[in-house]
Amino acid sequence: MNNRVHQGHLARKRFGQNFLNDQFVIDSIVSAINPQKGQAMVEIGPGLAALTEPVGERLDQLTVIELDRDLAARLQTHPFLGPKLTIYQQDAMTFNFGELAAKMGQPLRVFGNLPYNISTPLMFHLFSYTDAIADMHFMLQKEVVNRLVAGPNSKAYGRLSVMAQYYCNVIPVLEVPPSAFTPPPKVDSAVVRLVPHATMPHPVKDVRVLSRITTEAFNQRRKTIRNSLGNLFSAEVLTGMGIDPAMRAENISVAQYCQMANYLAENAPLQES
């Protein structure tokens with residue numbers, strides 16, 4: 001028997017499809033999401049409706065974004081969900097969540113079992129819409145969740161950690177074994193809750209500058225920032241901000257990265273592209 005076939009659908013490797021089938025895990029995720037009627041609920045990658053059905057049962061209307069044409073067609077003819085669903089058959093990586101929030105008249109509550117092959121770039125895409133999002137609940141590769149929640153001075157701490165925590169409060173919810181999926185992935189999974197900050201704890205003047213600094217620092221994470229960021233900051237400037245130039249990228253807090261970004265935005269602003 002082909003273990004990539006679930007409910008008559010062949011899981012597509014190119015879409016990173018692994019279908020959730022453990023009822024206890026499904027119930028735990030839905031409980032964590034706690035969907036309520038009247039909320040603007042949006043699911044990314046509903047697949048075979050493992051989460052769509054129990055969430056949809058609690059709602060009058062649910063928006064889903066599904067790239068796979070066959071799966072989108074199955075949802076359109078779903079026996080009890082069909083009339084409740086608004087289906088966008090397109091790539092979430094190019095979806096305009098801001099336009100959808102404006103159309104629905106309220107911030108979105110976004111959830112999904114994200115394809116692991118695009119989870120990190122998709123997170124960055126979603127961060128650009130946090131003004132339009134109330135919260136997010138995602139099943140991700142456990143290693144990605146570890147990176148999202150990691151603090152300074154740890155191996156998991158990186159650019160994703162800094163940018164996620166700049167935009168959101170990041171809360172791990174539960175861990176999920178490979179056996180909860182068909183086909184079973186080769187990695188452990190975990191569910192995470194991300195709640196965009198109502199008030200930014202560390203506001204930056206230009207988030208593009210923060211993105212540039214974190215990219216350059218973590219691309220050379222074994223170097224001291226005196227070397228990795230030497231083209232942006234002198235040792236004297238870093239010391240003046242209370243940041244030791246001998247530290248490495250993983251030693252610098254989110255607050256310090258934001259401090260550096262604001263200095264650069266004031267003293268060497270990026271040109272509008």
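Glycine is treated like the rest: Cβ placed from N, Cα and C.
Gly45 (S-adenosyl-L-methionine binding site) has a Cβ environment of 25 other Cβ atoms inside 10 Å. Under DSSP, Gly45 (S-adenosyl-L-methionine binding site) is assigned to coil, being neither helix nor strand in the three-state scheme. As annotated by Swiss-Prot, S-adenosyl-L-methionine binding site applies to Asn18, Leu20, Gly45, Glu66, Asp91, Asn113.
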- Task: Would you mind listing, in sequence order, the residues at least six apart from Leu20 (S-adenosyl-L-methionine binding site) in the same chain with a Cβ closer than 8 Å to its Cβ?
- Result: Ile26, Gly47, Ala50, Leu51, Asn113, Met139, Ala180, Phe181
- May I ask which residues of the same chain, at least 6 positions away in sequence, place their Cβ under 8 angstroms from the Cβ of Asp91 (S-adenosyl-L-methionine binding site)? Leu67
- Task: Ten-angstrom check, please: count other Cβ atoms within 10 Å of the Cβ of Asn18 (S-adenosyl-L-methionine binding site), all chains counted.
- Result: 25
